[in-house]
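Inspection log for the structure reproduced underneath, given as structure tokens.
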Amino acid sequence: MLEKIQKALTIRSGTIRELLAEALGMFILMVFGLSAVAQVVLGKGDFGQHLSINLAFGIGVTLGIHAAGGISGAHLNAAITLTYCLLGKLPWRKLPAYLIGQFLGSFTAAATVFGIYYEALYDYTKGNFTVMGPTATASIFSTYPAPYVSLVGGFFTEFMATTMLLLGILIIHDEKNNAALKGTQALLTGILVLGIGLGMGLNTGYAINPSRDLPPRIFTAVAGWGMDVFTAGHHWWWVPLTAPVLGSLAGVLIHKLFIDFHNQPVPESGNEKGLPVVESS
């Protein structure tokens, strides 16, 4: 019976399997991350600090990569997926499936965290969900700039943070250089995200991922926070969509210019013309 059920439920389309893998990986990443933010905010600092959020997102990234890596490559980030398409590492026809999977996983994770902390949200806000102010809670789900941060400053922060993300990922996976040991890539990528959060999270909350920011923002718009989620911070919402894409491309370019273009395999022959080397005693 179980074999029949498994056979009936097995999906043979590679593209659909990749969509589902991206969805699950993204869901795991976001449930860990958003629930940590919720606990810190709603717990008023008694149940964690900023480090808690950084650690939770790092753990979420590691587990999300383990969940999806063997099937889709675990992009878990629309900026990475788009960059890989531009570089020819992923067929353009697969772009919609990856983005849909990431969107579904992120949106569902936001809804899940909302359900977990529904009563705590009402207790904290007295039923008044706001984007700004002393009891603002929209930042649990999506990123918003600090009050002192301009659009230009926030854009540059997200751009540089994503540049460092892609540089780190390429370094971890660079087989021609000093790549990470097999099996440690997911852990090191989680540590990489932790490091970005520890060093570049003050200004904007380090979205570094359109798939991390937009789906929860849409969820909050329909769950009670309203359209303020798109107008707050001088219409901040578009920055976590565009800056990570440009930062991702910049990270790839920097790695190629400084490392990849010059690190070609050494010919097995003994000289530049490919002639055999004659040894002499």
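Every residue, even glycine, has its Cβ placed from backbone N, Cα and C.
Annotated in TrEMBL:
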TRANSMEM  20-42  transmembrane segment
TRANSMEM  54-87  transmembrane segment
TRANSMEM  99-118  transmembrane segment
TRANSMEM  148-172  transmembrane segment
TRANSMEM  184-208  transmembrane segment
TRANSMEM  235-254  transmembrane segment
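Taking every recorded stretch in 20-42, 148-172, 235-254 and counting its Cβ pairs under 8 Å to the transmembrane segment (99-118), the highest total belongs to 20-42. Looking at 20-42, 184-208, 235-254, the range that has the most CB pairs within less than 8 A of the transmembrane segment (148-172) turns out to be 235-254.
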